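One structure is given below, encoded as structure tokens.
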Amino acid sequence: MLKRCFENVKNKSPLIHNITNYVTVNDCANILLACGGSPIMADYSGEIEEIASICNGLNINIGTLNEGTMLSMILAGKKSNKCNNPVLLDPVGAGASALRTETAHRLLEEVKFSVIRGNISEIKTLIDGTGSTSGVDASIDDVVTEENLDETVSFAKSFSAKTGAVIVITGAIDIVADSEKAYVIRNGHPMMSKITGTGCMLSAMTTAFIAANPENIIEATKASVAAMGLCGELAFERLSERDGNSTYHNYLIDEVYNLTAEKLESGARYEVR
Amino acid sequence: MLKRCFENVKNKSPLIHNITNYVTVNDCANILLACGGSPIMADYSGEIEEIASICNGLNINIGTLNEGTMLSMILAGKKSNKCNNPVLLDPVGAGASALRTETAHRLLEEVKFSVIRGNISEIKTLIDGTGSTSGVDASIDDVVTEENLDETVSFAKSFSAKTGAVIVITGAIDIVADSEKAYVIRNGHPMMSKITGTGCMLSAMTTAFIAANPENIIEATKASVAAMGLCGELAFERLSERDGNSTYHNYLIDEVYNLTAEKLESGARYEVR
Amino acid sequence: MLKRCFENVKNKSPLIHNITNYVTVNDCANILLACGGSPIMADYSGEIEEIASICNGLNINIGTLNEGTMLSMILAGKKSNKCNNPVLLDPVGAGASALRTETAHRLLEEVKFSVIRGNISEIKTLIDGTGSTSGVDASIDDVVTEENLDETVSFAKSFSAKTGAVIVITGAIDIVADSEKAYVIRNGHPMMSKITGTGCMLSAMTTAFIAANPENIIEATKASVAAMGLCGELAFERLSERDGNSTYHNYLIDEVYNLTAEKLESGARYEVR
């Protein structure tokens with residue numbers, strides 16, 4: 001299944017519409033190209049529905065949002081819903097400001113999402129307002145550990161039941177859950193938190209995976225999350241003594257570019273809960 | 001002539017005003033520095049004419065356009081015309097939305113361009129509305145081949161006659177045409193399509209080349225297009241097995257940085273049609 | 001003191017709010033992560049005060065400013081002042097347009113800055129309007145040399161006396177001055193001017209240094225400026241023959257990532273004037 005999801009991205013080369021922040025937008029475009037997708041970035045209301053309608057999937061990322069892009073997110077989300085294109089929500093910084101939290105809630109009301117991906121603090125903020133905040137990173141108080149893993153998994157499942165979306169919580173341990181089943185994924189490397197945009201890139205790539213596998217959202221999402229984590233491990237292996245986070249950032253995208261279905265199948269580490 | 005055009009960029013270090021998208025803006029700045037130019041990015045109407053007037057050339061790229069930047073493009077274009085600074089148009093995504101197509105047409109009406117550079121779908125959209133669209137990439141239906149090359153060259157020549165601009169159509173085969181003469185340039189590498197911003201970077205660099213060679217726009221444009229393609233080839237040669245599109249992206253800019261007039265003269269491959 | 005300032009950044013990991021241009025924003029985020037800080041980028045007035053209040057320091061950079069971000073700069077600056085968070089001003093392009101010059105002056109009136117960092121043309125523009133302009137780079141007419149160094153140092157000291165901020169003038173020779181004391185720092189490498197964002201990155205990193213050392217702004221600033229220059233030297237040493245400015249850009253951030261207090265103490269070269 002990992003293999004099929006992966007190969008569908010390479011074969012279909014889905015065109016992904018990204019409404020995203022200006023911090024990591026270049027990385028999102030390059031990781032989409034690396035995985036076999038095709039990116040288009042557009043956030044102006046005057047063209048947003050038309051752009052959404054020519055694409056195969058939509059990635060909504062609320063980092064560096066403003067009045068104009070907030071409107072565009074709603075318009076593009078509704079249009080993508082009408083076109084039956086999968087839509088992903090990345091609630092960057094939900095909990096860090098009332099505006100971001102409210103925007104995420106409003107998007108959840110007006111748009112049907114196939115996937116919601118955030119760190120644990122962002123997702124807890126959306127579920128019940130209990131997320132702490134440390135800017136755009138997860139708070140240490142919220143971090144997912146072996147001790148609270150079962151509880152977090154059931155949180156994710158019930159949020160999936162409520163929203164109809166596959167829920168992705170990323171961190172040292174990643175969770176991908178629908179209302180009935182959860183994958184706990186143990187790929188990744190701590191150095192992924194030392195570059196900006198790992199989460200944004202994962203959201204962009206996951207949108208390509210679900211757009212290429214619309215009949216199987218949870219499996220496609222698992223494949224994307226495992227792929228990113230695995231590439232984070234492989235990128236770290238390549239580092240030499242004087243390399244730092246900038247070279248790591250390049251190697252991470254390089255590994256996605258060079259990933260194969262076989263490497264993904266043998267390297268993915270996950271369990272069902 | 002390639003040599004002289006190239007050396008004029010290094011010697012004059014033209015200051016280039018870029019009104020461009022937020023996806024590849026950093027790459028545009030770095031490639032301008034790499035080739036010997038100097039970049040300034042500004043898109044707010046409140047300062048746009050003043051910035052345009054201190055620069056030596058203007059690069060207008062309509063990716064991620066919005067109401068504010070659309071106005072700025074017109075203002076800066078007119079001001080640059082008044083200052084006799086060459087202006088380049090990169091109609092990113094013309095054909096992908098009515099707004100982009102109309103904006104490109106309006107710019108063509110209000111501003112005199114020295115160069116218009118796009119992929120074949122974008123240029124066909126501007127010429128007669130026949131371009132297909134695949135987001136911001138050329139559609140497979142439009143691709144320039146040996147079979148339709150002569151037809152495409154005459155399309156480009158007649159569009160040049162109509163607009164007064166040198167027309168650049170980039171893809172596997174590149175065309176640089178004025179109303180009477182066309183260069184068909186065969187430099188480049190397929191991997192250039194696996195990174196975002198190759199076209200945007202070429203537009204930025206070409207603006208530096210024409211600003212440093214205002215008396216010879218077509219030759220300067222040919223030099224820039226050949227230089228970018230050649231650097232794409234050289235960058236590919238450097239790749240090792242685990243390198244992917246991110247490292248390729250770095251090497252492409254590195255090769256522009258290290259390019260010499262001699263390398264350009266011996267590596268450029270083009271014919272006149 | 002260099003050691004203590006450096007280690008405070010690593011240990012406290014200050015959360016830095018950046019209102020910055022879209023050209024180098026990704027680099028600013030990655031250099032903050034590299035030095036041990038944590039970045040958040042936000043520029044919309046609807047959330048700007050709330051974001052400022054959860055952070056430990058604010059970096060205001062006026063490159064690619066517009067109506068919306070100009071308001072946000074004032075609001076965030078005032079809020080940070082209320083929170084006793086240090087605020088840094090990077091007057092990118094002051095002198096290149098009346099709007100930028102006036103915006104910088106207005107910010108100086110309404111916000112109390114801990115540090116003001118610019119190139120010599122930008123700082124001279126703010127002091128007495130005598131700065132020349134070459135876009136966002138210092139004009140050759142203004143450049144700091146051994147001959148005009150004493151004069152420039154006393155300019156900086158008197159501007160510090162007037163504003164209450166530590167003044168940083170960067171170029172081939174760097175100056176860090178309060179009203180009584182100036183450090184002349186001789187780290188750095190000419191290749192730093194061949195990549196976009198060196199100044200922006202230094203401003204972002206310096207904000208982390210002062211946020212982690214609020215009781216000792218001038219020493220923290222000196223540490224940051226020396227650190228960036230030293231990393232510029234170390235990055236250059238790593239370059240091989242075919243590397244250019246893009247690889248240099250990566251190595252610069254890598255060196256910041258791998259910098260230690262010991263390397264900084266032994267590599268920093270400065271004198272007091």
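A Cβ is built for glycine as well, from the same backbone N, Cα and C atoms used for every other residue.
As given in TrEMBL:
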- B:Met41, B:Gly197: substrate binding site (BINDING)
- B:Arg117, B:Thr170: ATP binding site (BINDING)
In angstrom units, rounded to an integer, how far apart are the Cα atoms of B:Gly197 (substrate binding site) and B:Thr170 (ATP binding site)?
13
Where does B:Met41 (substrate binding site) sit in DSSP terms: helix, strand, or coil?
strand
Per DSSP, three-state class assigned to B:Arg117 (ATP binding site)
strand
Rounded to a whole number of Å, the separation of the Cα atoms of B:Arg117 (ATP binding site) and B:Met41 (substrate binding site) comes to 19
Quick one: give me the count of other CB atoms within 10 A of the CB of B:Gly197 (substrate binding site).
25
Using a 10 Å radius on the Cβ of B:Thr170 (ATP binding site), the other Cβ atoms enclosed count 26
Through the lens of DSSP with three states only, how would you label B:Gly197 (substrate binding site)?
coil
When the binding-site residues B:Met41, B:Arg117, B:Thr170 are screened for a C-beta under 8 angstroms from chain A, what remains is none
Residues near B:Met41 (substrate binding site) by Cβ (under 8 Å) yet at least 6 apart in sequence within the same chain, in sequence order, are B:His17, B:Asn18, B:Ile19, B:Thr20, B:Val25, B:Cys28, B:Ala29
Go through the binding-site residues B:Met41, B:Arg117, B:Thr170, B:Gly197 one by one and keep only those whose Cβ is less than 8 Å from a Cβ of chain C; report them in sequence order, or 'none'.
B:Met41
For B:Arg117 (ATP binding site), just count the other CB atoms lying within 10 A of its CB, please.
30
